[in-house]
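According to TrEMBL:
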- A:50-80: coiled coil (COILED)
- A:100-132: repeat 'WD' (REPEAT)
- A:190-231: repeat 'WD' (REPEAT)
- A:232-275: repeat 'WD' (REPEAT)
- A:276-317: repeat 'WD' (REPEAT)
- A:329-361: repeat 'WD' (REPEAT)
- A:362-394: repeat 'WD' (REPEAT)
């Protein structure tokens, strides 16, 4: 008796890459293997996936080309030309004024408190420490249940901190001065991502947190309930950094990722408002210019760049042939004249934002500088490094 | 390196771009005409060709990249730490000494980009060779590794020992100079890839990024991704742009306006707390201080946003609005801010409260919004959400900014605030307390309070003798800049 056998081939589906039973699909004499779930999804889309994907790709490319043309039309002068009238800065002396020792492993992230002297820092071994950096005393310490705590933030009220990393979550810890109370007991899990948390920041209040993750998305969360208020999709790879805009309407933020793109988002609609793709490697850090009209980015391609939001283009590149290691974090001085950038070659370079020249190089750390923030009143800046220490410079 | 699936966009990720840059640098350094001066180095009884001095390396870097000596030394040290240069004497320590110490360039075979990650088998062979050649030359951590590997790849141990012996035999047939060089090269490679405890590992990376990491599922839904990208690009094309010259001029204006307010650029009075360990500056500029400083009051005139961001400024502005019977505008704006940034759970109650107080017909503090915005807002109130009052808030904000704010700046209230504002005094002892800009920055520090100021810190007009002494002080002592 004849019997028909259906051979089940198991393998990796060409669409979702999961290990499933595969069905062969022939497109233009090329065989692709999809799992049954993907076949149904594609049928529901009503499209032949390959064809639309190719046409969308080419459409995106041609639109990018047009956008570059449009941007170039209004570009009538370079920043260093305009800055010729500005006085050059004199010799610069900044020294380490405080060294915070206490982390047992690489310091990955730090954030200042609004009181201009406290700060929170997180490290690879899971420890998150709140310091009064003026006295170098440790005020609070909590150990996270995961390693590589890559993001931490201080709440605007000064009453809580947020942190997260390889646990894919962002947790908020209220700060209590009761010595008997265990900080970890009151921990609140706010954000849930499907990959590591790379950056987090409170918005104007303690009630909302903005997060960026290795899963390629950013998200806005309500702290009290843990509810997702808005998610931001558009990066093609891990998102590594974000910064909230100091604008008048206060509704945008910028993010940078491994896809070399810096994207500006509207927090209300979740849509990408502007995108810039001129870096040659991962963007490790983004920071707004104090006026909110521009932002700077630091990247693994050893350059920092300034992007103007009104002109909608890159307006300056801060690079030097002798600087070959990536910039891990950047921040502006209060007037926006100086850009401080921490690099993976253990140094901090200070750039004249207007003239584009390097004003000074600061040595001191013994391993890569992973995080750098100027204090809220601009009197100093703090750098954290893989050498287990934080330094306050002024 | 292992192949990896390309991320969206189709360009393969270049991991560690700094390595290829270092390699280019090292290749340039070896250029016969433009590179570092090479010489033959006498070592024990052999002569090693193509060696370079530490000091020559530093000088070459200084000249090529126009950098100072400390930076050149640092850059050279990084090259040595990453194994692109190795010391001929004492190869255990990977550091650059700016003197006659001889170095050589690592062979490309051992470059990190060629031969990474280092294979355990190779390490076992290397340690075995060392052990066989001279018993007891293995350092502690190497001994540990050796035993660990012996346990781990026990099944292949015969292969390891055989390879080790073969390599040693082949090495014996080479000239002494070559043998020495190859040994140094190999040792450097392993110092970089298996650093001794305590030494930082230069090859260490953070947690894996991007789709190249093993075990990561690449971005699915590529169709959605491209659709979104196309939409974003279409929107971006329709964006209104401003001429570059206008935008860039704005930076100049902003920097010059805010320069005197930037403590790192222009110093701060009485002193920078981080430098002098005196937190008087913070006390004087506390968020809700009774008497704000002159600089702070002046900053309120820069932009409406900066006035509102300062609690003291906002309070004075509220007083001013009270005088003009339009204080409800600012209160409404504050309530909207609370709504936008507050907790989700409070949204319905807050929206209701705002409606009752500000928007309802006949409300106690009714705000004057144009009829179209009012209609839209009231319609939206049936389904309250965080952003339901955004349009109304923007309208009121612009009203205050265009109308009340300029009047505030011209008002007697503001003028009096400026006149009464505190101008801090620099303490007469100790070194100048903050970093300074070029000479012109001195004017901004205003160490002398003008007559008529009600500064509560020191007498306003200093005694003449003190004055001349202080002038002498500025001149004699050089600035830290």
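Backbone N, Cα and C define each Cβ position, glycine as well.
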Spatial neighbours of the repeat 'WD' (A:100-132) far in sequence, C-beta under 8 Å, 6+ residues away:
138-154, 156, 158, 161, 163, 165, 173, 175, 199, 367, 370-371, 373, 375-377, 379, 382, 384-392
On average, what pLDDT score does this prediction assign to the repeat 'WD' (A:362-394)?
96
Which residues of the chain, 6 or more past the ends of the repeat 'WD' (A:329-361), have a CB below 8 A from one of its CBs?
79-80, 82-83, 86, 88-89, 92, 94, 284-291, 296-298, 300, 302, 304, 306, 316-318, 320, 323, 367-374, 377-378, 381, 383, 385, 387, 393
Using a Cβ-Cβ cut-off of under 8 Å, list the residues of the same chain that are 6+ residues beyond the ends of the repeat 'WD' (A:232-275) and lie near it.
195, 198-199, 201, 203-204, 210, 212-220, 281-288, 290-292, 295, 297, 299, 307, 309, 312
Tally of helix, strand and coil residues over the repeat 'WD' (A:362-394) according to DSSP?
0 helix, 17 strand, 16 coil
